[in-house]
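*Asks:* Supplied in structure tokens, the structure appears directly below.
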Amino acid sequence: MNSSPAQLLSAQNVNQLLDSVQAFLFDCDGVIWKGDKLIDGVPETLHMLRSKGKKLVFVTNNSTKSRSQYANKFLSLGISVTEDEIFSSSFAAAMYLQLINFPQHKKVYVIGEQGILEELQRAGFTALGGPEDGKKTAQLKSNCLFEHDKSVGAVVVGLDQYINYYKLQYGTLCIRENPGCLFIATNRDAVGHMTDLQEWPGAGCMVAAICGSTQKEPIVVGKPSNFLMEFLLKKFDISCSKMCMVGDRLDTDILFGQNAGCRTLLVLSGVTTESVLQDPSNKTQPEYYTSKYIISFFTAKAKPLLKPDPSKIRLIIAAGRVEKALCLAANGRYNVAHNGGEQ
């Protein structure tokens with residue numbers, strides 16, 4: 001964990017970061033967008049990085065969408081991103097089950113939304129629950145036994161705006177009563193920018209409920225776990241020291257990058273404020289941070305000199321040499337000195 005104070009990213013040190021990094025890993029909520037509103041300057045920043053040959057990867061803990069759904073969201077906001085550039089925690093959950101050779105005859109119960117269901121189905125797994133179970137109610141009556149599928153071998157918990165008592169009981173019974181049933185969490189974010197104006201309860205709230213009812217801790221596949229980073233490293237074959245994690249959260253994004261040895265950049269357009277960053281009790285310090293949106297510095301370039309109007313140039317000549325040319329343009333003054341002077 002980096003204990004040195006974060007450096008404010010500026011026009012003076014941005015080139016040092018750009019020259020030393022091959023790939024930028026971007027969080028989405030609070031960095032690229034808030035809710036369905038694109039954050040100012042993002043398209044220009046991404047275009048600039050691509051023009052410099054940088055690899056861009058979008059790593060989000062928000063499990064409500066699949067990679068294809070995220071690609072469509074990017075497109076709806078005017079940004080072209082391929083599925084191969086997107087790594088969501090919903091995808092990570094499906095990849096984890098594949099990598100551990102989760103039995104195909106076993107089912108997966110989902111406390112979450114369509115993104116998890118779609119990724120599990122694309123990976124060849126049978127998934128239950130999701131938004132459909134948000135319509136169901138638990139019957140709290142005498143002599144009423146709550147039934148659950150005994151073939152469920154894993155419960156995946158992510159952000160779920162349709163969370164209810166029925167889902168909590170179903171997931172709890174699967175984990176407690178089905179032998180060897182896995183408890184997998186997409187992430188444990190406490191809050192997130194589900195809309196552009198407010199933070200809302202995150203997946204960590206749903207995960208905490210199941211932790212409480214089962215008295216078990218989950219396998220976390222999203223940030224800041226090592227699983228997702230190991231998957232990225234295998235796919236892109238780029239060393240961690242050549243990657244920069246860009247995020248708005250200290251406890252997930254920045255910690256995710258630091259755990260792997262990546263460069264880290266915190267943007268203050270999302271969850272983390274400058275006061276939180278600078279608080280003496282904060283032990284997670286990114287390498288860099290921005291005081292404004294990331295566009296403020298990644299596109300910082302010296303302003304080009306305005307071309308003077310030739311008709312308004314007055315040359316003062318002495319001893320056959322040009323000592324000074326004072327260029328008077330309609331929109332400004334330009335001092336041009338020769339013989340070693342500034343230009």
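Backbone N, Cα and C atoms are what each Cβ position is placed from, and that goes for glycine too.
Just so you know, TrEMBL annotations are computer predictions that nobody has curated.
Pasting the relevant annotations from TrEMBL:
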| type | residues | note |
| --- | --- | --- |
| ACT_SITE | Asp27 | active site, proton donor |
| BINDING | Asp27, Asp29, Asp248 | Mg(2+) binding site |
| ACT_SITE | Asp29 | active site, proton donor |
| BINDING | Lys223 | substrate binding site |
*Asks:* Rounded to the nearest angstrom, how far is the Cα of Asp29 (Mg(2+) binding site) from the Cα of Lys223 (substrate binding site)?
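*Replies:* Checking the Cα atoms of Lys223 (substrate binding site) and Asp29 (Mg(2+) binding site) gives a distance of 13 Å.
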*Asks:* Which three-state DSSP class does Asp29 (Mg(2+) binding site) fall into?
*Replies:* strand
*Asks:* Name them in sequence order: residues not among Asp27, Asp29, Asp248 whose Cβ is within 8 Å of the mean position of the Cβ atoms defining the Mg(2+) site.
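*Replies:* In sequence order, the nearby non-listed residues are Cys28, Gly30, Val31, Ile32, Thr60, Gly192, His193, Gly247, Arg249, Asp253, Val267, Gly270, Val271.
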*Asks:* Let me know how many other Cβ atoms fall within 10 Å of the Cβ of the residue listed as 'substrate binding site'.
*Replies:* 31
*Asks:* Which has the fewest other CB atoms in a 10 Å radius around its CB: Asp27, Asp29, Asp248, the listed recorded positions?
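*Replies:* Among the recorded positions Asp27, Asp29, Asp248, the lowest count of other Cβ atoms within 10 Å belongs to Asp29.
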*Asks:* Could you say whether, by DSSP, Asp248 (Mg(2+) binding site) belongs to a helix, a strand or a coil region?
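*Replies:* Its secondary structure by DSSP: coil.
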*Asks:* Indicate whether Lys223 (substrate binding site) is helix, strand or coil by DSSP.
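*Replies:* Where Lys223 (substrate binding site) sits, the three-state DSSP reduction gives coil.
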